[in-house]
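Here's the structure, in structure tokens; my notes come after.
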Amino acid sequence: MHQAARHQQDPSRPDAPPEPAGAPRAASGSLRLFFADWSLSAMVAGFLAVLVSLSGPLTIFYQAAQAAHMSNEMFASWVWGICVGAAVAGIFLSWVLKAPVITAWSAPGTALLIPLFPGLSIHEAVGAYITAAVLLLAIGLSGGFNRLMAHVPKGIASGMMAGILLPFGLNAFKGSGTLPLLTGGMIISFLIYKRCFPRYSVVLLLATGAAIAGATGLTHFGGVRLELVAPHFIAPAWSWTSTFSLALPLVLTTLTGQYLPGMAILRSSGYDSPARPIIVVNSLASLATALAGGITIAIAAITAAMCTGRDAHEDPARRYVAGIANGLFYLLAGACGGSVVMLFGALPHELIVTLAGLALLGPVTVNLVHIASAPERDAAVLTFLATASGMTLFGLGSAFWGIVIGVIAHRLLRAETPAPAAPKQN
């Protein structure tokens, strides 16, 4: 595995002395090194991760706000909380670990809020956020999650990731029924860019999609205006109802829906970053932003795949820039939360889903290759199918059950290897 700090001399900087394996590549932690590692592709990868987060999971957050009969000002404070929390945690972790640690809010956890409101008060929800953050902090400090990940074979982790990403790839083509010119133009352009300008294919695709949408009258920027956010303090309140109906399910869904696939993405991309500091830092960020309405911060799953592959940078040691860029764009989104929501509402939905699906082509391919070459191939395929099915059982999503089914299948199908016979003594 190659945590970013474990790479040898960068071929693009031949004057740099070679580093031994395991030596800290960024021991000085200087801004000079960051600017030397900066690349447009990494910045765009970080931007696209924010783009997808705000255009997808944010809609779940908005539905929860509507269910709570929340004012626009209070909802903007929620957006500020989740964006600033994800930004601070992501920038810090990517800088320290020198790996593209992409953070976000718990999308599965946000979905828990919709049926609970308005019976549950906003103050009780904040109390549940704090309870969940404390429990996740304890789990992170204990190191138990690292021990869990050690029991998941790489092929099964890849099967889960391919299953999670598959619907996004399929959605890239579904817009052809409603907006064939936009979707078809983006797909054809993507193939051309991958052939001629592979490193900047996603950048050019974003520009092309925006140009086609603008030329065909699909954008509506008339109502977009600059709107800065002032966070609102929300006093927490605790109750047994909020603890058992929100806090505990939030911990479980965050571990299974965010940390399990998110850490699997890092591992499958070759980064051996430990889970402990990632869970601890995200939990501390969650505690700080909960009082503004921000739900649990965790490692990202879907959007992380956009920043850990070759589309972010050919050199894995430089992809941490995508994690820092992701955090900077989150800070911008948090400061201008109202404007960001209006901006993404002005773009056609088909542009976002097509862009996301094509941007994830590389991660889908890599994980499918890992499935095909894995010693536990049959178990990995079962994991892939179960995860892609979108099944839900006992309130737990398909990512969790895909891993469970895959690990059980691996245990049952694995042939026992006989121990070698001891040599005869003369």
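Just so you know, glycine gets a Cβ as well, placed from its N, Cα and C.
Feature list (source: TrEMBL):
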type	residues	note
REGION	1-25	region 'Disordered'
TRANSMEM	38-62	transmembrane segment
TRANSMEM	74-97	transmembrane segment
TRANSMEM	126-145	transmembrane segment
TRANSMEM	152-170	transmembrane segment
TRANSMEM	176-193	transmembrane segment
TRANSMEM	200-224	transmembrane segment
TRANSMEM	244-266	transmembrane segment
TRANSMEM	278-304	transmembrane segment
TRANSMEM	324-344	transmembrane segment
TRANSMEM	351-373	transmembrane segment
TRANSMEM	379-408	transmembrane segment
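Sequence-remote contacts of a segment are chain residues at least 6 beyond its ends whose Cβ falls under 8 Å from one of its Cβ atoms, and for the transmembrane segment (324-344) they are 34, 42-43, 45-47, 49-51, 54-55, 58, 62, 72, 76, 79-84, 86-91, 94-95, 100, 102-103, 221, 223-229, 303, 307, 352. Panel annotation: around the transmembrane segment (379-408), residues 108, 151-153, 155-160, 162-164, 166-167, 249, 252-253, 256-257, 260-261, 301, 370-371 of the same chain, lying at least six beyond its termini, place a Cβ under 8 Å from a Cβ of the stretch. The transmembrane segment (351-373) shares the most Cβ pairs under 8 Å with 152-170, out of the stretches 152-170, 244-266, 278-304. The highest tally of CB pairs under 8 A with the transmembrane segment (126-145), across 74-97, 152-170, 244-266, 278-304, is held by 278-304.
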